[in-house]
Amino acid sequence: MPPPLPSSLPPDLVTVVSSLTLFYALDLFHRHYISPLFPSYVSFPPAARFDWDRRSLNLFFQLVQTPFNLYLLLLDPHTQADPLYGYSPLAHLGFLIIVAFYLYDAAGIVMHPTPPSSSPLWLFHHSVAVALLVYDISYRRCSALPAAAFLISAAGHVSNEARWLCTVTDVRDQRLLKPLHLFCVLVPLVTCGLPPPWLLYKCARQLRVSVVQLVAQQMRPYCLFFFIIIYVPHLGLIAYQARRAYRLWGAAPKPFRIKKLD
């Protein structure tokens, strides 16, 4: 049986429902007061505006989630004491908020006026993410391992959404585009390069074995799942971002076409 929920935390359902309400309020505020400040947004049809608002909220949330997961991975005293099985109340609360966000974003994908062809893939991605977090929360395994996994995922979203929003706002100044290209490569590169080696090193120290023994003998199912399901696809994202940055470096951006949203 998992240990009882700490008395300092609200019930899980209360946290999820409150977070969903907060995301809806942020979405409404952004849609009515922030987005209309951009001329590109005003000229878009309703479907494109819907996509803009959803991606903007996603970018904002992932920019918050990235340092949160970095803190859990590197500084949280509970995960530092036991990176593999340690329980962090802060991680518990944060993972519930992440669950709520993925549920909210999945609802946005379903309600999109003209769903893009990648919608089933993103729904599958969100379903897997929610299932993993619910498992970790239910069994009080709110440790460094899920923090490392969702750090990688958050960084991938940050680079994708930042590039998309700069494209639709028709940013053409190379003084802005070149730093953007570097940002879109370095953010996932650093976050994909940092979590696995650091986590393996900490777990090996905890179990008093070498990293090789840890991977080959004691953590093999865990590590294979982590690398195949989460790590390898995001390495592909890094390669894609690097190739795109190399191809677009110094080149004049092509005009954005609304039909890309459909």
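From the backbone N, Cα and C atoms, a Cβ is placed for every residue, glycine too.
Sorting each residue of the domain 'TLC' (51-168) by its DSSP state yields 96 helix, 0 strand, 22 coil. Sequence annotations record features per position, and here TrEMBL assigns domain 'TLC' to 51-168.
Residues or ranges marked as transmembrane segment in TrEMBL: 12-29 (among others). Remote same-chain partners of the transmembrane segment (12-29), defined as residues 6 or more beyond its termini with a Cβ less than 8 Å from a stretch Cβ, comprise 5, 53, 57, 60-61, 93, 96-97, 99-101, 103-104, 137.
If you look up TrEMBL, you'll see 84-104 (among others) marked as transmembrane segment.
Summarising the annotation, TrEMBL assigns transmembrane segment to 180-201 (among others).
Taken from TrEMBL, the feature transmembrane segment applies to 222-240 (among others).
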